[in-house]
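Q: Sharing a structure, written as structure tokens. Questions coming.
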């Protein structure tokens, strides 16, 4: 969309933070209003993360107004809330391309702008990186400030507290801003509390505070009395005791939608030494009533008509794999009261809404705490229950040691329902489910299943749930199923594939939901087609049979080729000294950028046309 100068006259003056800082303070509320409207107009036309950005407009303006970015380093955690940041940092006219192939990256991305200090997408990384950046600035003698913005969800993760604990120990000069949008502006975020925040962050208070410490440092009883008095005064009006105990100077909570008040507080805090913590209260979806009322639904949106106040309904076609999982979960839980389901803050995305309502006492949302989720599941299994960890492929990476140490070594029957496996689409490099087969396949005695359709997905979930000799995993993609008939649940024989089509000379060994495209290729080339089903244990007998009866083999998977299912086939053939040629088709050795799933599969040669072209070129 072309930028409408008449509609956004103040925003038109700002194409960089240098231009922003030239504006008079009095014009900033108007700028915030225009920025919010522009965000609504652009995202509703292009799709993208929505409600979070609406809630951080004033904070973004205030930070770039007070701090000398990009010299001063501003780090956004996760990045859902960073659309206003992108608009104010030279990318205003491209915001309509966000999350699209070749367009702006969905999250802050170092390769895109000097203003994007840290490439993000996963949560709770900002404070750790910020400490490192602050330490380097201090060692180089640069008067460079470091600011980390983290949300109330991301700060619950253990990594954030590990970082704050370290910051309290080494005391770098840095500011952590907690964007708390868990609730609307509460009563204590009023004039009195804002005034108190400005007072506590001011130079007079800070000077008196530090001076008093020096004067009474040699008189321990008085020093301790003063410390307790200060904590008591703060504690009467602010909830910052935890952060103070971690070594931060806590200020807040303050109104995160008062841009002028934020500027005053940030200016006061800018020159304070040591780790500082500013707690702001915002409303997710601010300025667009439907998003304020339902921020979860409006967290990430497709293209929609803002005047309608609602998002377009799905066409009511085929169910998603997430729904297939959710339906199976409810069906199984109704028959077995030992079933326990765990998710790390992905209830909606993982298809667990209905389960959470029907079985609230067996549903555990552990927040953004993947490590805890896995070891919590281990504890449930030790106690005789049947835990299922529903998790995205990209987030299971964050709990790898727990899978190994707390589940697999102890042979605990934990089922991992791995959603968003393979190419996920618009979220790009940080969210592709490209590696789960590779990092799970090397774990001893792990059972790993790759369904080719929704019925097989259900059967594999059932099989994994009833497997009691150790952990198991079923991986399935983002998107809709293929429309096959759902048959009664039954356990599959572990480690056994099935031949779907008999052909000549060439055998295609397929792992997972690329099966429809692999079937087209097999038909075109008169090749044998095998649904391998199990990545671990592999059906070695079937692989050797295919090697003995065909001139060449092709493996197909939507996982990194390196270390993936195809690598396992290669290992079997080498171990048995079978010299048959093998072509491994899968994800290449680079991080896959954003684009629709269809666009990226076509570009990577993972659709039928691409596979056939690769095979023909290899055979030529």
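Placed from the backbone N, Cα and C atoms, the Cβ positions cover glycine too.
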Q: Out of 64, 80, 85, which does Swiss-Prot tie to the same thiamine diphosphate site as 121, 122, 123, 153, 154, 181, 288, 370?
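A: Among the candidates, Swiss-Prot records only 80 at this thiamine diphosphate site.
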Q: In terms of Cα spacing, which of the binding-site residues 80, 122, 370 are within 10 angstroms of residue 152 (Mg(2+) binding site)?
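A: If one measures from the Cα of residue 152 (Mg(2+) binding site), no binding-site residues come within 10 Å, so the answer is none.
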Q: At a 10 Å cut-off from the C-beta of residue 153 (thiamine diphosphate binding site), count the other C-beta atoms across all protein chains.
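A: Excluding its own Cβ, the number within 10 Å is 20.
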Q: Provide the three-state secondary structure of residue 370 (thiamine diphosphate binding site) computed with DSSP.
A: helix
Q: For a quick check of packing: other C-beta atoms within 10 Å of the C-beta of residue 80 (thiamine diphosphate binding site), how many?
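A: Counting Cβ neighbours of residue 80 (thiamine diphosphate binding site) within 10 Å gives 26.
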Q: Out of 152, 370, which has the highest number of nearby Cβ atoms, where nearby means within 10 Å of its Cβ, if these are the binding-site residues?
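A: Counting every other Cβ within 10 Å of each candidate, the maximum falls on 370.
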Q: Any idea of the Cα spread of the thiamine diphosphate site, 80, 121, 122, 123, 153, 154, 181, 288, 370, as a max distance in Å?
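A: Looking at 80, 121, 122, 123, 153, 154, 181, 288, 370 as a set, their Cα atoms extend up to 32 Å apart.
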